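See structure below.
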Amino acid sequence: MDTLSVIVPFFAVILLGFLAARFRIVPMDSVPGLNAFVLYIALPAMLFQFGANTPVAQLLNPTTILVWLVSGLVVLGLAVAIGLGQRRSWLDASFGGLIAVLPNSGFMGLPLIAALRGDQASGPIVTTLLVDIVIMQSIALAISQQGNEGHMAARVKTSFIRVVANPMPWAIILGALWGTTGQSLFGPLDHVVTLLATAATPVALFTIGAVLARKNTDSSAHDSTRRGVLTADVSVLTALKLLLHPTLVWSLGSLAILTGLPLQHDDLLVLTLVAALPSAANAAMLAERLGADSSRIAAVILLSTVLGFATFSVAAIIL
């Protein structure tokens, strides 16, 4: 019951955001602005604080990185193979892989899992964010360009630019560097960062719901035949995200501990909970910008968020 009393309010705020946007209490045109505020201002402030308060050795734990990276690559590769087997383009197949492996760790995972497991859980979560943004997303974007004509250097450059433009890893890096000084931020500046960081959680959760409502409305323009074809595909990708990903993380992490690699059991529990999170909401906007099938990605996000309430709750209670 204690676990559910923590989880339910987080998903309730997501539902509130969905309903507010669905019934136009929040205009659909304002949703990108909410998303930009969270992504470029509030969430970086929160990540800066987590980075500053987490030892660098914990952020860069090689076993944590290895377990997360290997399990992610397996899920990504499997989802891409499934997409190509369905005769999808490299672009759509790569985004199927990305949505199957990319958890909503920034907008949802940090506040939710920290509330469940304590502030000490922030270290492994931030590590997964870095791996996902810098490595997994770069690989997926590079795969997405396979069907395009052009040199590999151009594809690598495009992927690199998109990673560099993401403010989240920079916030973590700057926070970690500042943390090594042992100094606190200048009083007024510290208050500003704290205010923005405090706003990150409720606005981020509300924005997830609003983004889902916006994408759901956009998808209504597609004919029912197309949505029916995508149903099985969406279910498979959702299963990869909610079931296979956390299972792989738990299995590989347990194997790492058995072989004596430096990974704490509590950190493995946190990694498993991160993997059990629904798919990242921002992936739909990225898919839209790059011309992928964003309605398919939005459907996975919506289904994984709805089902994720049950599957994540079960995982949190068991672990």
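Even glycines carry a Cβ here, placed using N, Cα and C.
Annotation comment: TrEMBL describes 6-25 (among others) as transmembrane segment. The list of residues near the transmembrane segment (6-25) in space but at least 6 beyond its ends in sequence, with Cβ under 8 angstroms from a Cβ of it, reads 31, 108, 111-112, 115-116, 202, 205-210, 212-214, 216-217, 305, 309, 312-313, 316.
Sequence annotations record features per position, and here TrEMBL assigns transmembrane segment to 37-59 (among others).
The feature transmembrane segment is assigned by TrEMBL to 65-85 (among others).
The transmembrane segment annotation in TrEMBL covers 97-116 (among others). For the transmembrane segment (97-116), the list of distant contacts is 3, 6-7, 10, 14, 38, 43, 46-47, 50, 72, 75-80, 83, 122, 125-126, 128-129, 132, 136-137, 140, 143, 168, 200-201, 204-205, 207-208, 237, 240-241, 245, 270, 273-283, 297, 300-301, 305, 316: same-chain residues at least six beyond its ends, Cβ to Cβ under 8 Å.
When Cβ-Cβ distances below 8 Å are used as the criterion, the transmembrane segment (122-143) is approached by residues 47, 50-51, 53-55, 58-61, 64-65, 68-69, 72-73, 76, 80, 90, 93-95, 97-98, 101-103, 105-106, 109-110, 113-114, 155-156, 158-160, 162-163, 166, 168-169, 172, 267, 270-271, 274 of the same chain, each at least six residues removed from its ends. What TrEMBL lists as transmembrane segment is 122-143 (among others).
Within the chain carrying the transmembrane segment (163-180), a Cβ under 8 angstroms from the stretch's Cβ atoms is held by residues 39-40, 43-45, 47-56, 59, 106, 126, 129-130, 133-134, 137-138, all 6 or more beyond its ends. Look at TrEMBL and you will find 163-180 (among others) tagged as transmembrane segment.
Here TrEMBL flags 192-213 (among others) as transmembrane segment.
Annotation comment: TrEMBL describes 234-256 (among others) as transmembrane segment. Within its own chain, the transmembrane segment (234-256) is flanked in space by residues 63, 66-68, 70-72, 74-75, 78-79, 82, 96, 99-101, 103, 263, 268, 271-276, 278-279, 296, 299-300, 303-304, 307-308, 311-312, 315, which lie at least six positions past its ends and keep a Cβ under 8 Å from the stretch.
Beyond the transmembrane segment (268-287), the same-chain residues lying 6 or more positions past its ends with a Cβ under 8 Å from any Cβ of the stretch are 32, 35, 39, 64, 67-68, 71, 95, 98-100, 102-109, 112-113, 116-117, 121, 124-125, 128, 207-208, 211-212, 215, 238, 241-242, 245-246, 248-250, 253-254, 257, 293-294, 297-298, 300-301, 304-305, 307-308, 311-312, 315-316, 319. According to TrEMBL, the feature transmembrane segment maps to 268-287 (among others).
According to TrEMBL, the feature transmembrane segment maps to 299-318 (among others).
Residues 10, 13-22, 26, 28, 31, 34-35, 37-38, 41-43, 45-46, 48-49, 104, 106-108, 110-111, 185, 281-282, 284-285, 298, 301-302, 305 of the same chain lie 6+ residues outside the transmembrane segment (192-213) yet bring a C-beta within less than 8 angstroms of a C-beta in it.
Long-range neighbours of the transmembrane segment (299-318) within the same chain, counting only residues 6 or more positions beyond its ends whose Cβ lies under 8 Å from a Cβ of the stretch, are 3-4, 7, 11, 14, 96, 99-100, 104, 116, 208, 211-212, 215-216, 219, 227, 230, 234-235, 237-238, 241-243, 246, 272-273, 276-281, 283-284.
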